Amino acid sequence: MTSTKAKSEANKARVLYWFRTDLRIHDSPALQAALALDQEIGIEAFYPIWCFDPQYVWKHRVGVNRWNFLLESMSDLSTSLTKLNPKQKLFVLRGSPEKVIPLVFKEWGITHLVFEKDTAAYARQRDELIFSLVKERFPHIKVIVKHGHNLYDPEEVIKKGNGGKVITTLMSWKKAAAKVADAPARPVPTPTSLPDPGDTSIDITRADTKPLEKIKSENPAWTRRANKPIKDEAGSGNAMEGPFAKLDGLNVNREIMDDEKFDCFDTIAGPDKDFAVPTLESLGLGKATTHIQGGETEALRRLQAFLDDAVGVATFSKPKSSPNSLEPSTTLLSPYLKFGCMSVRKFYWDSQDVCDKYAREHKGATMTKEPENLAGQLEFRDMYYCAEYATAKYERIEGNSLSSRFIAWKLRNKYDKDGQLIEPRPRGDEVDEERFSAWKEGRTGFPWIDAIMRQLKQEGWIHHLARHAVACYLTRGQCYISWERGTEVFDEYLLDWDPASNPGNWMWLSCSAFFSQYFRVYGLESFPSKTDKKGAYIRKYCPELAKFPDKFIYNPASAPISVQEKAGCIIGQDYPAPILDEQKEKARCLARLKVAYEVNLHGDSPDVMNGTAEDKLKARFKEKMGRDEDDEEEEASTPKKRKNAPVDSGPMDRFLKKAKS
Ligand SMILES: Cc1cc2nc3c(=O)[nH]c(=O)nc-3n(C[C@H](O)[C@H](O)[C@H](O)COP(=O)(O)OP(=O)(O)OC[C@H]3O[C@@H](n4cnc5c(N)ncnc54)[C@H](O)[C@@H]3O)c2cc1C
């Protein structure tokens with residue numbers, strides 16, 4: 001099919017550059033390839049676009065802070081494009097790619113589609129749709145795809161470097177990557193100019209997109225607000241499979257979106273017909289709470305600030321950084337890498353160059369080695385991308401071909417015989433439900449856990465070891481709750497949520513895959529007090545505890561009542577008493593994990609797939625321990641009561657009562 005409106009003259013290129021998770025202009029091999037067409041055949045029109053997919057808005061759990069970060073990053077990119085050519089900007093097309101891209105193919109007479117490769121499962125599926133669409137309906141359009149989101153292309157590392165097999169250790173990743181190239185590619189230059197866009201008018205009557213009203217009427221869950229999930233009675237015709245399929249039919253963000261104000265998808269070009277970046281208001285969202293600003297400009301500023309401290313770069317050691325410093329003790333570049341505002345290769349090579357210069361100038365000085373140094377951190381990121389690439393059902397337990405070890409976690413996802421999630425949020429018994437909610441809301445009664453979860457919600461970022469602590473607590477440390485629930489909460493709150501790193505690290509921390517030393521559990525008092533004796537971090541994020549003496553800051557429930565009164569915070573009233581017994585639960589978790597490791601079932605074992613795995617683990621537990629796994633549950637799950645607590649209400653009741661009032 002040829003263009004109906006604009007036609008390419010003299011075989012010059014009319015380029016659609018599709019920005020996705022590459023919201024930058026520096027070190028972009030895809031952008032470079034697109035602009036190289038000017039030398040090769042000449043560019044007649046250049047359209048930098050972003051597809052704002054409504055499916056993403058209502059099928060993927062995203063908190064207001066990540067929306068804010070994304071919109072800021074898009075605005076910043078748009079400004080950069082305008083600086084390269086005052087006629088240019090980021091043209092935001094409101095609609096799903098498979099709808100809006102064919103439309104502009106026709107309307108703008110596109111001859112070339114260029115984008116950066118994205119190897120995540122959901123992205124591959126989306127891109128396959130576009131490839132087949134081009135093949136069937138627009139065979140004259142040339143598609144150019146360049147890798148640039150990782151140090152090495154995960155697909156190449158897996159296919160060329162590891163014979164198509166999955167990778168689960170940094171060593172095996174290094175070996176496989178070495179077969180692809182000696183070192184990551186050096187960054188490519190930043191463009192200094194851009195060709196003009198062509199005519200950007202669109203005959204909206206021809207628009208193959210769904211106006212807002214149509215989306216709403218086809219998807220009742222979109223507009224209905226309710227406390228419990230609503231199934232989409234109408235069914236959604238173009239639902240994606242993979243990680244998002246489980247959310248099919250639900251506006252999972254309805255709790256934070258005000259439908260009255262929601263008008264983001266009124267037309268393909270937005271309310272002013274100018275393809276502007278949407279606003280938080282148009283998504284029906286309130287104000288962001290984070291202080292972390294999105295965009296390439298901020299990413300480069302942060303990188304430069306890090307590089308300016310050569311000693312800091314040369315001696316950067318992840319395990320020695322502090323999870324509870326008030327200012328981040330690591331680079332905080334992860335959200336920028338996630339959205340591609342920061343090129344990972346620039347990050348890698350700029351740091352490497354600083355290290356090399358430091359080594360030359362300070363002969364014999366101690367420098368950190370891999371994997372603790374910065375290069376090691378970025379390599380871990382690549383390793384998870386490779387694992388995700390090679391693993392079917394990576395984001396879940398059942399059917400996970402990475403052989404995520406099967407542990408009968410509470411509140412884990414359950415699927416029907418067709419592999420569909422039975423409920424988007426499995427319900428468990430009251431104790432597990434309450435433990436999960438308390439964890440998510442930062443009211444477990446363990447200040448270390450609560451402070452981290454509150455920082456996560458407020459800022460959208462927490463330190464790596466803080467992530468370790470809360471992930472360990474929720475899963476194998478104390479609660480025995482599925483890592484799937486953890487990924488879901490991180491997905492909602494993290495700015496840097498990543499489909500490879502998030503499930504991968506949760507599998508690691510829960511000792512389901514990648515790591516197996518399940519007996520190493522973080523102490524809720526001993527671990528944080530190593531780097532923050534006085535509890536400044538706790539005082540910041542749990543201000544109700546601010547006046548407690550240092551001695552009790554990590555365990556305020558152990559303070560005498562006179563101390564609590566003096567601190568103006570009665571445990572059980574103004575701050576919850578511990579929701580569980582740390583040591584007892586740790587012992588219970590360890591016992592169950594030991595059995596799970598012995599039985600050694602994996603995500604795709606027949607017992608897991610046919611639903612008999614949990615019974616098998618329970619039977620082995622009884623055989624080994626001489627009692628039922630659940631026998632001790634009653635005892636262990638009863639929170640300790642304060643001596644002076646009224647008999648008719650537990651500490652959590654009193655805290656909730658107070659919070660509600
Ligand atoms: C349970 C859990 C969930 C996580 N979820 C995510 C996630 O969704 N997205 C995400 O980017 N990171 C995730 N991480 C990894 C890591 O915690 C963050 O990348 C890191 O804390 C980001 O802070 P930073 O940029 O200051 O990191 P730095 O220490 O400055 O490291 C530089 C970069 O290296 C990469 N990196 C470092 N450690 C890891 C790691 N363990 N895995 C993958 N990449 C790493 C990141 O891109 C990071 O920006 C998770 C870790 C845990 C324990």
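Quick reminder: no glycine exception, Cβ is built from N, Cα and C everywhere.
As recorded in TrEMBL, the features of this protein are as follows:
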- 13-151: domain 'Photolyase/cryptochrome alpha/beta' (DOMAIN)
- 182-204: region 'Disordered' (REGION)
- 330-334, 377-384, 496-498: FAD binding site (BINDING)
- 608-661: region 'Disordered' (REGION)
- 613-627: compositional bias 'Basic and acidic residues' (COMPBIAS)
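Shown here: features listed in TrEMBL, placed on the structure.
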residue	record	DSSP class
THR330	FAD binding site	coil
LEU378	FAD binding site	helix
TYR384	FAD binding site	helix
TRP497	FAD binding site	coil
Discussion item. Using other CB atoms within 10 angstroms as the count, which residue among the binding-site residues LEU332, LEU378 scores least?
Written reply: LEU332
Practice prompt. Let me know the most crowded of the binding-site residues, choosing from TYR384, TRP497 and counting other Cβ atoms within 10 Å.
Written response: TYR384
Discussion item. By a 10 A CB contact count over all chains shown, which of the binding-site residues listed here is most packed: PHE380, ASP382?
Written reply: ASP382
Discussion item. Give me the long-range Cβ neighbours of SER334 (FAD binding site): same chain, 6+ apart, Cβ under 8 Å, in sequence order.
Written reply: TRP461, LEU495, ASP496, ASP498
Response to the item:
the region 'Disordered' (182-204) resolves under DSSP into 1 helix, 0 strand, 22 coil
Fill in: Number of Cβ atoms other than its own within 10 Å, given for THR330 (FAD binding site)
19
Discussion item. Mean pLDDT for the domain 'Photolyase/cryptochrome alpha/beta' (13-151), rounded to an integer?
Written reply: 95
Worksheet entry | Secondary structure tally of the domain 'Photolyase/cryptochrome alpha/beta' (13-151) (DSSP, helix then strand then coil) | 67 helix, 30 strand, 42 coil
